[in-house]
Structures are given as structure tokens and as C-alpha cells.
Amino acid sequence: MAAPLALLLIVAVTIRAALFRTSLANLISERVEVVSPLNAWKRVVEGLALLDLDISPYSGDVFHETPMVIYLFHFLMDYAEITFMLADCLTAVALYLAVKDYNKQVFRKQKFALEADRIPMDCLELIRSPTEMYYIPLKVAMFYLLNPFTIVSCVAKCTCGCLIYGSALLSAIFLALATYQSIYPLTLCVPALLYLLQRLYIPVNVRRSSFWFYTLQYLFMFLGSLLVLICLSFFLLGSWDFLPAVYGFILSVPDLTPNIGLFWYFFAEMFDHFRLFFLCVFQINVFFYTLPLSIKLKEHPVFLIFMQIALIAIFKSYPTVGDLSLYMAFLPVWNHLYRFLRNIFLVSCVLLACSALFPVLWHLWIYAGSANSNFYYAITLLFSVAQILLVSDYFYAFLRREHHLTNGLYLKKKDGSEATLVLK
């Protein structure tokens, strides 16, 4: 599989390098669907200019990236294009290796379940074969590298963060890096912990001392890594100005520049005395679903990670299309769920239509003056609804397959007639 992966990386780098040399690069870097006030490259450039003049980049209301990012690009400014292409390639390789390891675990669990006769005979067709799973890691890397959303984010030099899971220490460090970058990946702490517990065969049981020992150990590594990053930022900058400028900016949403999210239009129309209440309501959406989903999917942490990444992409305050590309890369992992999906064709059509209509309605609103903000927000709202339908459809399909693997594929009522499975 090394040769196809290497060829895929070469093709992905070639596409990006070619686009960097065209006039499309400047056009893409100005699109509100691709960049946000948090990660726009021109804001990073302005922050670097202020830093070169010995002025704090957070003294104005332009730069909202973390200190580590600005000091990183202070040294890599001349190699920015290579840096972004390399980051995409490393993320794709990490996804490839992670999915490959996950497939081994899935195959091992299936083998044990079959040997223990825990799977009904009529569900053998739901079992995933090694041949079917062999090319999934390559498909995941392909879905990530060749996704148009990933490509335009790279060409726009959008500073989106990535997350890699490995050993407990590496997982804690990378999760701390992602949380340091944008707060929201904090919700991935629970699925990451569940994944590591599963790998070590430690049961999720609050009465077991081994569970609490490993949980506290992981939380200590995560919080320790996060504290080190924040303290290092303070020593680099010499002040705590970055805390309100970065994290306060993410949580309070003062910049209402249009984007593909749900915040900007709603809070542009909001009365000031209601703002704090609805801000809490909107922000809590990202964190609210973590606990119930973790309880329901505690035996399936990788699918829980997929769900949490998707929820972050939908409900964060300043989303971009680059956030979608990460969770969409996981879709080939769940190709065995296609037979249970109900709305996949409709959702796919809506997502494609919205992607095409974003620039059209933006032009009609900003340049032609023949439309207004309601038109653009209608498309962003439809885009978010389509994502919610996509995620909920996969959630339904996953739960239905697990139910069939436990109770049989062809369900019968007590009177012998065919039963219908309803998700409540």
C-alpha cells in the first residue's frame, strides 16, 4: 500500500503547487467560506508585521491566532506554501495509519465475536471482510487529500488545526495542541480516553481502580501539556494579551463577518441585552452532546470521534469548509453502513448545491446588489441542516447495524409477522 499512498501524495502536492501558481490562489484566500477572522492568512501577515515592529500583534482587533502560530510562521514565512502542503500530507498519512490500526481492531473483535457465537447466523452478511477493509485507509487518505474543501483551504493558507491519535502521551499532546488552538477539541478528550482504554482492555467501570488510575493519568498528561503550551505562549509574548484575543474572541463572537456557520446573522440581528444568553445557548451546542454520545458509544470510540468532529464543524463560532474535510475523510470507514442510510442521496445533492450557490449568492449580495444577507444566510442555514442530516443519518445507520448484530437481521414480532425497527 506504500506505493499507492506515495502516488496519491505526489498527485495532491502537484494539484496544490499548481493552484498556488495561479491567480485563483488570491481569489480563494478572500472567500468567506474558506477563511474566517480566526485563520485568515492576511491577518497572520499583519500580525507578523506588527511583531517585526516590536508591537504586540494582539494590540488591535486584527490578529486572533495563537502565539505559537505567529512565531512558527515568523521563521517559516518564506516556506509557507511548502509548510501547508506538508501539513496536509502529514495529516493524510496520520489518518491512513490510524484507520489501518482501527481496521485491525475491528477485524479482531469480529473474529472473537464469531468464535463466541455472539453474532446471529442471519447477520453474517453484515460482517466486514478483510478484502473489503484493505483499501479503506487509502480511501480515507484520498478523501482527505483530494477533497476540494481541503485543497482550497490549503491554497488559501487557512491555519486549521489537525489532530492525531497514537499512544497516550502523543494523544494527550496533540489533543492539547488542538485545544490550545481553538478550545472546541476539548470535547475530543472523552473519546480519545475511551479509545485508549479499549486498546489496553481496561473496562469502563467507575468501580474499577484501573479505570480511575488511567483516566487521571491521561487527564494529567493532557492538562499538563495544555498548561505548558499556555505558559510557553506567555514567555514568547511577554503578556497574557493572547487569552482574550484568541479564546475570548472565539467564545464571545465579536466579529460578525459572514461565514458558513450559524452565529453571524443571528447575532447581527440580536438585541444587546439578549446577546449573552443566546451566546451561551449557541456555544453550549458543541459541548452538550459529548456526555450522552459518550455514554451511548462508549464501546465505539472511533465513531464517537467522528461524531464529535462533525459537531464541532457544524456548531463552532467561525467554521470554514476546511473543518468539513476532516470528518468527511472518515466516511469511507463507514462504507458498511450505506445499506442503512436513508437520506444520503438528498443530503449529497443539497451539499453540492449549497457549495455551488455560496459564491453566486455572495456575488449577488455584495457586488451586484440584487440580493441581501437573507439570501446568503438561507444557504448557510441549509448547508448546516444538510450536515446535521448527514451526521444523524450515519448515527442512525450505525445504531441499526449494531442492533441487528445483537438481535438478528430479520426481526419478527411475537405473532411471527415482520417487525419494523424504529429509532426513538
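Each residue, glycine too, has its Cβ placed from N, Cα and C.
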TrEMBL annotation (transmembrane segment) - matching range among 143-166, 311-334:
143-166
When you check the transmembrane segment (274-295) against the transmembrane segment (82-99), do you get at least 3 Cβ pairs under 8 Å, counting only pairs 6 or more apart in sequence?
no
Quick test of the contact rule: Cβ under 8 Å, at least six residues beyond the ends. What residues does that give for the transmembrane segment (340-362)?
31-33, 148, 258, 260, 321, 371, 375-376, 379-380, 382-383, 385-387, 389-390, 393-394, 396-397, 400-401
Would you mind listing the long-range same-chain contacts of the transmembrane segment (246-267), meaning Cβ under 8 Å and 6+ residues beyond its ends?
32-33, 36-38, 61, 64-66, 182-184, 275, 278-279, 282-283, 315-321, 358, 362, 373, 376-377, 380-381, 383-384
State the non-local partners of the transmembrane segment (374-396) in its own chain: residues 6+ outside its ends, Cβ under 8 Å from one of its Cβ atoms.
258-262, 264-265, 306-307, 310-311, 313-314, 324, 334, 337, 340-344, 346-347, 350-351, 354-355, 357-358, 361-362, 364-365, 423
